[in-house]
Amino acid sequence: MQRQRSILSFFQKPTAATTKGLVSGDAASGGGGSGGPRFNVKEGDAKGDASVRFAVSKSVDEVRGTDTPPEKVPRRVLPSGFKPAESAGDASSLFSNIMHKFVKVDDRDCSGERSREDVVPLNDSSLCMKANDVIPQFRSNNGKTQERNHAFSFSGRAELRSVEDIGVDGDVPGPETPGMRPRASRLKRVLEDEMTFKEDKVPVLDSNKRLKMLQDPVCGEKKEVNEGTKFEWLESSRIRDANRRRPDDPLYDRKTLHIPPDVFKKMSASQKQYWSVKSEYMDIVLFFKVGKFYELYELDAELGHKELDWKMTMSGVGKCRQVGISESGIDEAVQKLLARGYKVGRIEQLETSDQAKARGANTIIPRKLVQVLTPSTASEGNIGPDAVHLLAIKEIKMELQKCSTVYGFAFVDCAALRFWVGSISDDASCAALGALLMQVSPKEVLYDSKGLSREAQKALRKYTLTGSTAVQLAPVPQVMGDTDAAGVRNIIESNGYFKGSSESWNCAVDGLNECDVALSALGELINHLSRLKLEDVLKHGDIFPYQVYRGCLRIDGQTMVNLEIFNNSCDGGPSGTLYKYLDNCVSPTGKRLLRNWICHPLKDVESINKRLDVVEEFTANSESMQITGQYLHKLPDLERLLGRIKSSVRSSASVLPALLGKKVLKQRVKAFGQIVKGFRSGIDLLLALQKESNMMSLLYKLCKLPILVGKSGLELFLSQFEAAIDSDFPNYQNQDVTDENAETLTILIELFIERATQWSEVIHTISCLDVLRSFAIAASLSAGSMARPVIFPESEATDQNQKTKGPILKIQGLWHPFAVAADGQLPVPNDILLGEARRSSGSIHPRSLLLTGPNMGGKSTLLRATCLAVIFAQLGCYVPCESCEISLVDTIFTRLGASDRIMTGESTFLVECTETASVLQNATQDSLVILDELGRGTSTFDGYAIAYSVFRHLVEKVQCRMLFATHYHPLTKEFASHPRVTSKHMACAFKSRSDYQPRGCDQDLVFLYRLTEGACPESYGLQVALMAGIPNQVVETASGAAQAMKRSIGENFKSSELRSEFSSLHEDWLKSLVGISRVAHNNAPIGEDDYDTLFCLWHEIKSSYCVPK
């Protein structure tokens, strides 16, 4: 096969001249020009006039970090023939006998001239900093000091496109670091502090008792400084936000800081650079670039010392607390802080020292906050396969409508470059808001600090604590005008946001029910991302509408928690959850799609069957399953790589400093190479499946696929980029980037992105294959039987004269899929029959099941298994049973377990009633309702009354499929003969015991876990109490009390005993007869319908009481 020519062969290669300056290939030198100038340090003898001067070199090799232990002091390179100065008539210097250790002779023929690579002289201006004005001097005892002034400057590029330099005033003399001290090589940081020598105390001999002094830059006076006096405006008792509000003020903004103007004016240039940014980003850990080091100051330094165990120093004027890390370790440090939930920013130098020299003297190296990373916006590093979402929520009250609250929301996956926006209506239970939070599973939630109700804040705290990792809740100050609908539209249009979206942002928003509140939430998200310097994400991101419930089986947040869909109730982890059971996906995109499908089970019979067809084909053809798995293992995270590639088109990388910009370009080369090779594996998979004609035909019905072969096919298009990668970036995994490579990469990416929509379709198709293959693996590897469900449409009410088809739920051999015992023993299978049979000979079963049984008998497990079977079926997955027939379920409601919410002030019974109220308000005929021990959170009589009334309402008014588990045994007698209720119980048995046991507990209770006809006579709570370890004496007392209460309370239910012989069915007959008799009593003619009614009643009575011979 002839090798495909590179797509770049049609373009003329750019020359070096045309590409010069696009990407700087020079690494940022340690220059350190901003870290602090080179200073002359003068050492004097404590007992003589002789003094020796030596300059501290600022070469790259001599720059040191503050987080490393003291090392051997670097020695100054002096010109050949250098001799220390001696004072006439005085003894030798105190250091004269060891000066040879600090002096290294320069053998180069430089005529005694100092190298000017690291030192740039300045003129005597306000920006000049004399060494003796800044660095403490070692004075002789007679006070004489030899002075040799050297001034220094910093330079950089003359023009910086799209870069706003941090405003600084250059008229304040001082060092070039926020630590208020110049960076200098260390003699255990002796040069950081001025040492005053006395005859009775020499600091070198007693270094543990040094006295730190402050050299006044103006008058040169020395004065002792107490720790913390320089930054009293940072102390907790004095700190204020930008509006001068204290932390106890409800409107206090913890993101900003007020710096007194007089203090800011006295700061040096670099200090102003740092604090002007920090005052607006107090919630961010800010790394400040100084030469070849990144440093943290004050509050951030404390955090670095605490979290990263870095050594903290008290360096600089005012004893500024400081920690630091070298360039090589910054990425690892940032990832550690992100993993612990911190937000991290980096203030970079925009020039190197060489560029600074080129601009001339009297210059300040400009710096800029170029990057802010947060746990919710991370796009690189170890972020895992799960989607990382940042969510913004806005709430408005709709008092005139049935649903009193509307929530607008917007969220983003920065790694995949995808936005979603939508709105939901909710009631006081906040069930819909809980569903949103469970579906999105955000890392961080932005909400209006004053516009969110107390109920919504409770829901935020409740549903964001269900997982094993904490979610950050970030209140956002309300800013009028920036987040209203009109203002947001203006911001999007004026800044060109979402220009790279495959769909217009107007289409995503305008179709929503409450688009204004959704736009407000989107505005909050945009403001936040702009603050984090993520303009590329906003400009190139795709935006889509998001529907929480529409077109799918509704599963609210509480139901997801009760059924343990994503997080277990033990430790909040994934073990023992539905997601974990079905997750056999190989690719990261498949894992994310699986979660999305579980949140949105289908409600369309045709779509469900299309998925089931592919699953059945996989289970029947193991070879296709194996081939698919082999290709999927080769795939990288194509979705995130495509987002990364899209964000690089016309990005802001050109304004980054040379070293950082080169690093970003190197990452882009690697990402582009990976995505091209990854799509090759993906397309090869689809082409291999085309040989399996049946599989590919099923896949085309399920997904939208672009043309793969032919002149316009993706296969030929992709091969051109493969050729370009092989020729121009053969070592793309670790390619050194030149100016020519940068322009080549830009051309390739722009051509590749032209078919971004088609690439997204390929990714979605491959992800669907991965998920459906995962379903097939779950069915194949299951320890119990798995069956393909038979799905019927939702029930449709017809005219009274026509037969009405109601909902059905018929599952035989049902078992809980992930309740397998440790020894591998399966749960006992059971049959669930609710509603009208569609395939049988017209048999009809009641839609409501009243379930009783002993504690620990398996009632809750059966309830959960039933719900999970419905979710399995409507996902398009095989169901853990022998056979399954169901009509579509529109909503699953659950009221399981007993729990209170102490932190939100809600008791167990209030939680029960709130969840039950949501069921009564929203349940329909096609819903599945699961109620477990309703009413146990209050007194016996109140609980029984509520359980009775709720059950009767759902049975007679809603007529939905329902499983109602209870320990109120009189309920079974109340509904014993009700035609729409069937009573069953979880069976148990007893085994005699030889040892002594309390009265009534002399037999062991054996749980059979099998669903059996009829009601259970007791709950056998005393036997369970013995099993739990309650002492025999206590149980015996309880047994006596139970017998007494039964005799007392039994009288109150005597009427129920009598009514069991005159059931609800008889009441219906009597009502019909009375109705007809009233018509006859009023001399009204008896119509044909009345005769039909009488005939039906006669037939029902005859069939009920006449036993066939």
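Just so you know, glycine gets a Cβ as well, placed from its N, Cα and C.
Lifted from Swiss-Prot, the feature list:
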- Gly853, Pro854, Asn855, Met856, Gly857, Gly858, Lys859, Ser860: ATP binding site (BINDING)
- 61-74: compositional bias 'Basic and acidic residues' (COMPBIAS)
- 19-45: region 'Disordered' (REGION)
- 61-86: region 'Disordered' (REGION)
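The secondary structure of Lys859 (ATP binding site), as reduced to three states from DSSP, is helical. Counting every protein chain shown, the Cβ of Lys859 (ATP binding site) has 24 other Cβ atoms within 10 Å. Same-chain residues with CB within 8 A of the center of the Gly853, Pro854, Asn855, Met856, Gly857, Gly858, Lys859, Ser860 CB atoms, the ATP site residues themselves not counted, are Met986, Phe1007. Cβ neighbours of Gly857 (ATP binding site) (same chain, under 8 Å, six or more residues apart in sequence): His985, Met986, Ala987, Cys988, Phe1007, Tyr1009. Around the Cβ of Gly853 (ATP binding site), the number of neighbouring Cβ atoms within 10 Å comes to 27. For Pro854 (ATP binding site), applying a Cβ distance below 8 Å and a minimum sequence separation of six or more within one chain yields Met986, Cys988, Leu1005, Phe1007, Cys1016, Glu1018, Ser1019, Tyr1020, Gly1021, Gln1023, Val1024. The DSSP secondary structure for Pro854 (ATP binding site) is coil. Over all protein chains present, the Cβ of Met856 (ATP binding site) has 18 other Cβ atoms lying within 10 Å. The Cβ of Ser860 (ATP binding site) has 18 other Cβ atoms within 10 Å, all protein chains considered.
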